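Engineer: Mind having a look at this structure? Questions to follow.
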Amino acid sequence: NLLQFNKMIKIMTKKNAVPFYTSYGCYCGWGGRGKPKDATDRCCFEHDCCYEKLTDCSPKTDIYSYSWKSGVIICGEGTPCEKQICECDRVAAVCFGTNLRTYKKRYMFYPDFLCTDPSEKC
């Protein structure tokens, strides 16, 4: 769920999802359109695509199990939905951590109306 995703982001980046990733670029936060602005925004685009594939799941509210050790996140046991949601969140959190050096403050609170490029498909 979103609280667990926030915790994963904190593990991988040492930053809180709010405010750093909730309205970053064109895809971080609710919705998304246009082209991702940078590598961090692409992490959000891919995360949105991952969630879209989970048609019979509730990724924002379903609780899953996971653990971490030395900065490595491991998804635990659970239903197929729980495992897939956890994996979507884990991959995005790792992506944020990988791209931390190229995070740009100018894309924080980025206005949607500037996301005018044609949208990419998943």
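Cβ coordinates come from backbone N, Cα and C, glycine included.
Straight from Swiss-Prot, here's the annotation block:
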- HIS47: active site (ACT_SITE)
- ASP89: active site (ACT_SITE)
- TYR27, GLY29, GLY31, ASP48: Ca(2+) binding site (BINDING)
- CYS26-CYS115: disulfide bond (DISULFID)
- CYS28-CYS44: disulfide bond (DISULFID)
- CYS43-CYS95: disulfide bond (DISULFID)
- CYS49-CYS122: disulfide bond (DISULFID)
- CYS50-CYS88: disulfide bond (DISULFID)
- CYS57-CYS81: disulfide bond (DISULFID)
- CYS75-CYS86: disulfide bond (DISULFID)
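If you look at the structure here, what lies around each of the features I listed?
Structural biologist: Every protein chain considered, the tally of other Cβ atoms within 10 Å of the Cβ of HIS47 (active site) stands at 23.
Of all Cβ atoms in the protein chains displayed, 26 besides its own lie within 10 Å of the Cβ of ASP89 (active site).
Spatially close to GLY31 (Ca(2+) binding site) yet at least six residues away along the chain are ASP112, judged by Cβ distances under 8 angstroms.
Under DSSP, CYS115 (disulfide bond) is assigned to coil, being neither helix nor strand in the three-state scheme.
Secondary structure at CYS44 (disulfide bond), as computed by DSSP, is helix.
DSSP assigns CYS95 (disulfide bond) to a helix in the three-state reduction. Close to CYS95 (disulfide bond) in the fold, though at least 6 residues off in sequence, lie ALA39, THR40, ARG42, CYS43, GLU46, HIS47, each with a CB less than 8 Å from its CB.
For CYS122 (disulfide bond), the Cβ neighbour count at a 10 Å cut-off comes to 11, with all displayed protein chains included.
Long-range Cβ neighbours of CYS50 (disulfide bond) (same chain, at least 6 residues apart, Cβ-Cβ under 8 Å): GLU87, CYS88, VAL91, ALA92.
In this view, CYS57 (disulfide bond) is surrounded by 18 other Cβ atoms within 10 Å of its Cβ, with every protein chain counted. Secondary structure from DSSP puts CYS57 (disulfide bond) in coil.
Here CYS75 (disulfide bond) comes close to TYR64, SER65, TYR66, LYS83, CYS86, GLU87, ARG90: these same-chain residues lie at least six apart in sequence, with C-beta atoms under 8 angstroms from its C-beta.
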Engineer: Give the distance between the Cα atoms of CYS49 (disulfide bond) and TYR27 (Ca(2+) binding site), rounded to the nearest whole Å.
Structural biologist: 10
Engineer: Provide, as an integer number of angstrom, the distance between the C-alpha atoms of ASP89 (active site) and CYS81 (disulfide bond).
Structural biologist: 12
Engineer: Near TYR27 (Ca(2+) binding site), how many other Cβ atoms are within 10 Å of its Cβ?
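Structural biologist: Neighbour count, Cβ to Cβ under the 10 Å cut-off: 27.
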Engineer: Hey, of CYS26, GLY29, ASP48, CYS57, CYS81, CYS115, which of those recorded positions are within 10 Å of CYS122 (disulfide bond), Cα to Cα?
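Structural biologist: Matched recorded positions: ASP48, sequence order.
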